[in-house]
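Beneath this line is the structure, given in structure tokens, with notes to follow.
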Amino acid sequence: MAFSRISKLDPPCRGIFRKAAVMLCTLFTSLFLLHCLTARCSTTSPVKVSSGRGAGLFEDFRSLRTKRLAYQWTPGSELTGYGVARRSSRVLADERSGQVSELPEEESFILPPPDLVASRKVSPRFAGKLSPLGEGSKKLPQALIIGVKKGGTRALLEFLRVHPDIRAVGAEPHFFDRNYDNGLEWYRELMPKTLEGQITMEKTPSYFVTREAPARISAMSRDTKLIVVVRDPVTRAISDYTQTLSKKPDIPSFESLTFKNRTTGLIDTSWSAIQIGIYAKHLDNWLHYFPMEQILFVSGERLISDPAGELGRVQDFLGLKRIITDKHFYFNQTKGFPCLKKAEGSSKPHCLGKTKGRTHPNIDPEVVQRLRDFYRPFNMKFYQMTGRFFGWED
């Protein structure tokens, strides 16, 4: 009776609930402000908090700070604010131990901004796996353009360098024919730095006709992919002679160098301009060390008439996405071959230098026909070996 009488006389006051709500709001506001202050504290100046409930709350905020650091670049980076693809196990361990530490650069897995990917500073295929920009390492090449001289190797290399996943040496190293005694480390230092997933390349056309080159390249890596640009051997020989003539105007005529004896019509195969075009003979030497599936043959003629088509085959062979397409080329009527609308690292059109596309001297048609007859059986064998018909007899 007494209890019921008291309840009727003193009903619960609504003010108690309002005071409780205000206290809760104040508590949450304080926690939020404490979190903001903690996020701005320097990680090099740890704050000591006495034991108890307050210390536990502070540890929770330090853990949040650790997570926040895991999703940032290192200080001063251009990419601060872009998400990390994944966190390292080290960060998780730090959270558990209550230690706050930023990720070292080698453990950062950053997704870069689209404008940097578009500018080719970062390969789009591996954008989520890269360390900070400017890093990379020099590697021995995984692919080589090994030949042939005056076949179109320079054009192929310049076209391939447009691809963001290909890094190539501009000059010809001549390592496996002239500089092999310098050693692999010397060779590696010539290579450009590459990031994960990028392919290192170089081109030296004389490798294809160098007897020792296949064994030396195989000793470096049996998995090396080889690219050979081939061209009608008669046209190639004339182009080879034209290049030499531009440097040595007093050399004998093409006709006199072609034959050992003009009367008998015996071809001089010791002359390098003729010897290089016996493709089947040189290929046989390479097949002792590399399977055919590791060698790609690019048509020098189709590299002019359909550069995007041939570049598509090369990109497939290298296991790369077909990024280089028709939109990258235009045909230069004056030079007579395709040029790049935009070269590597440039926004301007780019054609090969004046040393390419020289006008060939007039050669006696009878000499040209003799050379075609000479090369015909070698060409047929080459077609059989490669499984591709190049149409040099048409």
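Even glycines carry a Cβ here, placed using N, Cα and C.
Per TrEMBL, the features are:
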ACT_SITE  K150  active site, for sulfotransferase activity
BINDING   K150, G151, G152, T153, R154, R231, S239, K356, G357, R358, T359, H360  3'-phosphoadenylyl sulfate binding site
DISULFID  C339-C351  disulfide bond
DOMAIN    141-376  domain 'Sulfotransferase'
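Of all the binding-site residues listed (S239, T359), S239 sits in the most crowded Cβ setting, with the most other Cβ atoms within 10 Å. Around the residue listed as 'active site, for sulfotransferase activity', the same-chain residues at least 6 positions away in sequence with a Cβ under 8 Å from its Cβ are P205, R231, R236, S239, D240, Q243. In terms of C-alpha distance, the listed binding-site residues G152, R154, T359 place R154 closest to C351 (disulfide bond). Here the CA atom of R154 (3'-phosphoadenylyl sulfate binding site) lies 12 Å from the CA atom of C339 (disulfide bond).
Every protein chain shown contributes to the tally, and the Cβ of R154 (3'-phosphoadenylyl sulfate binding site) ends up with 19 other Cβ atoms within 10 Å. A C-beta separation below 8 Å, combined with a sequence spacing of at least six in one chain, links G152 (3'-phosphoadenylyl sulfate binding site) to V229, R231, V298, G300, L303, I304. Taken together, the residues in the domain 'Sulfotransferase' (141-376) have a mean pLDDT of 93 on the 0 to 100 scale.
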